[in-house]
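Data block below; observations after.
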Amino acid sequence: MAGGGALRALPALLLLVAAGALGKPTARQERARAGAAQHEDLPGFQYDHEAFLGKEEARSFDQLSPEESRERLGTTTGVSCSEPAQPLPVGSEEQMPLRQEAQPKKKKARKIVDRIDDDKDGYITTEELKTWIKRVQKRYIYENVAKVWKDYDLNKDDKIAWEEYKQATYGYYLENPEEFQDATDQHSFKKMLPRDERRFKAADLDGDLAATREEFTAFLHPEEFEHMKNIVVLETLEDIDKNEDGFVDQDEYIADMFANEEGGPEPDWVITEREQFSDFRDLNKDGKMDKDEIQHWILPQDYDHALAEARHLVYESDVDKDQKLTKEEVLDNWNMFVGSQATNYGEDLTRNHDEL
């Protein structure tokens with residue numbers, strides 16, 4: 001595991017996904033939290049793929065052969081051509097800029113590279129790549145909300161009341177507590193219900209306990225909304241602060257990303273993370289992080305993830321070092337942009353199966 005890998009910036013949900021109104025909830029996902037500011041290359045350029053394509057499209061590319069991935073990058077893609085619109089003001093009835101269920105799902109093959117080249121000059125600049133990456137991120141967020149909306153809007157009034165969400169997510173647990181005898185499950189549900197309610201109320205700007213699409217988007221993706229940052233910080237603190245003293249010390253910080261179960265020496269990356277904590281996380285040098293320092297860590301004001309990723313992609317692919325990319329330079333480094341799990345097939349065959 002690379003240092004800080006557990007702190008990646010791709011947003012996670014604190015949502016318990018239910019199968020229906022009284023569907024049995026599945027295990028919860030990780031808390032919603034923006035990550036540390038470093039870019040890191042996971043095996044197979046996973047971070048780059050998800051930033052460039054979005055999570056869903058990256059998964060579809062993972063199933064392609066190298067030849068098919070390269071062809072789709074330079075020739076065609078199944079990504080919808082409708083550009084994601086900017087979010088409308090809270091309370092608008094047209095909050096979803098992407099595919100509505102009532103709208104035809106039009107997909108038109110277009111060249112990915114040509115779509116990024118906004119001014120059509122034959123080059124892709126860092127700014128154009130940044131714009132594309134932000135567009136992909138926004139599309140993922142709003143498509144995610146559209147995908148789950150019908151599961152929670154039980155009375156179909158185009159709002160999701162807190163009671164609707166609670167029933168859809170926790171209804172089975174609340175009506176069948178005897179099935180949750182495991183102490184860990186009980187603790188998880190008892191902790192998550194009030195925590196979800198707190199987050200829901202923070203997202204509910206008009207205080208009517210019924211979320212519009214924009215408010216529900218803020219509930220599911222709080223790291224994307226300014227008025228939800230305090231919630232992201234608080235949830236991060238609650239999850240990492242094991243001794244519940246209201247701070248995150250160095251050991252708690254490390255334990256959130258590394259469990260030394262075998263009791264051996266810590267890997268080099270963990271030692272580096274301890275140095276990061278002392279040098280950059282603990283700003284007032286009191287040996288622990290308070291809420292302000294946690295916010296500086298997970299939601300840095302002076303860091304643009306999309307710009308950093310765009311610069312990274314240009315730097316790694318710009319053969320002639322003119323600070324911009326031709327289509328040929330992108331295609332020559334196609335594996336960084338779209339990749340394919342097929343490229344790891346031989347490596348998987350030769351690895352020790354105990355490592356898999």
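Yeah, the Cβs are placed from backbone N, Cα and C, and that goes for glycine too.
All annotation found in TrEMBL is predicted automatically rather than curated by experts.
Per TrEMBL, the features are as follows:
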type	residues	note
SIGNAL	1-23	signal peptide
REGION	56-111	region 'Disordered'
DOMAIN	104-139	domain 'EF-hand'
DOMAIN	140-175	domain 'EF-hand'
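Taking H, G and I as helix, E and B as strand and the rest as coil, DSSP gives the domain 'EF-hand' (140-175) the counts 27 helix, 2 strand, 7 coil.
When the domain 'EF-hand' (104-139) is classified with DSSP, helix, strand and coil residues number 19 helix, 2 strand, 15 coil. The predicted model assigns the domain 'EF-hand' (104-139) a mean pLDDT of 78.
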